[in-house]
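The annotation L-tyrosine binding site is assigned in Swiss-Prot to 37, 169, 173, 176, 191. Positions annotated as ATP binding site by Swiss-Prot: 249. Feature annotation from Swiss-Prot assigns motif ''KMSKS' region' to 246-250.
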């Protein structure tokens, strides 16, 4: 695969931005093995924003010849008091439910689960003096203002009452980029600030310098779209506000989980925010895009409509759907029905896995979340 084809794969939906495309091109042109990483907190059930959206980019990167890595961020999760702040439980969930779920999603999306390296954060840090020297080195080159700016909206609003752990978190994220040798750190657009910090210190750190062919380089940040919560009631005014209105594990009706049954998916989508003719920040359209139009279609996609309203519509591209919806030629109810069936189809192998071989993992997770 030539460089431009690799770039097209990396840039395609659901990619939101790459910082910068030209630097990515330069790295690919050098012809050396590039490494990627994406990190996840260990908390509740995996929803499709974490599962389908994130893993679709992992699969794209695999196809582009990039070595992919998933960091199971147990220490970060503990700092953020996930799963009740029980570190043993966090670690158990990470190496069981999370790894197996991600592997199944990667396989379902056409990738190779064995080609992705899974790293538990505490394993990366254990008996690793150089990691802690790296972390201290990073803090030498960051100001309190920079770290505060990298926090979530909520964290920035807390002022002087903010837990110190929240301020430790961004430097840890930056250190992970270099400790994993990640030329392409990846996350949702809500991770942009942390990745910018990594780029700012890349030329200054002494430990774990990021190199390609002996040349020191800055990490090229890859950010994918965030799925709006199904139950939003208004359109977010900007991307940062969207990060506070994204699908959330802690609000079940805001999200579709990778193990949800067809009935649950239909029910959730039927109640989703989907204003007529509105195509921006429309969660139903975003779900249809990721489930039915990420790959070039070999057959038309059918949106069923009652005969009295013109009958079924055949479309080949997402752009067609968006245009027809904006023009009012697709009713929200018909869009929701078509989206639900498309999502049920793509999630079917994952749903069957959690009904069969993965049923024990799912039940263990349910037991854990009930007691937290």
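For all residues, glycine too, the Cβ spot is worked out from N, Cα and C.
Here the features listed in Swiss-Prot are placed on the structure.
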| residue | record | Cβ contacts under 8 Å, 6 or more apart |
| --- | --- | --- |
| 37 | L-tyrosine binding site | 68, 69, 70, 71, 176, 177, 180, 182, 184, 185, 186 |
| 169 | L-tyrosine binding site | 76, 79, 80, 151 |
| 173 | L-tyrosine binding site | 39, 76, 191, 194, 197, 198 |
| 249 | ATP binding site | 43, 44, 45, 46, 47, 50, 255 |
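Binding of L-tyrosine is attributed in the record to 37, 169, 173, 176, 191, and the widest Cα separation among these residues amounts to 17 Å. Counting residue by residue with DSSP, the motif ''KMSKS' region' (246-250) contains 0 helix, 1 strand, 4 coil.
Averaged across the motif ''KMSKS' region' (246-250), pLDDT in this predicted model comes to 78. Cβ neighbour count for residue 176 (L-tyrosine binding site) (all protein chains, 10 Å cutoff from its Cβ): 27.
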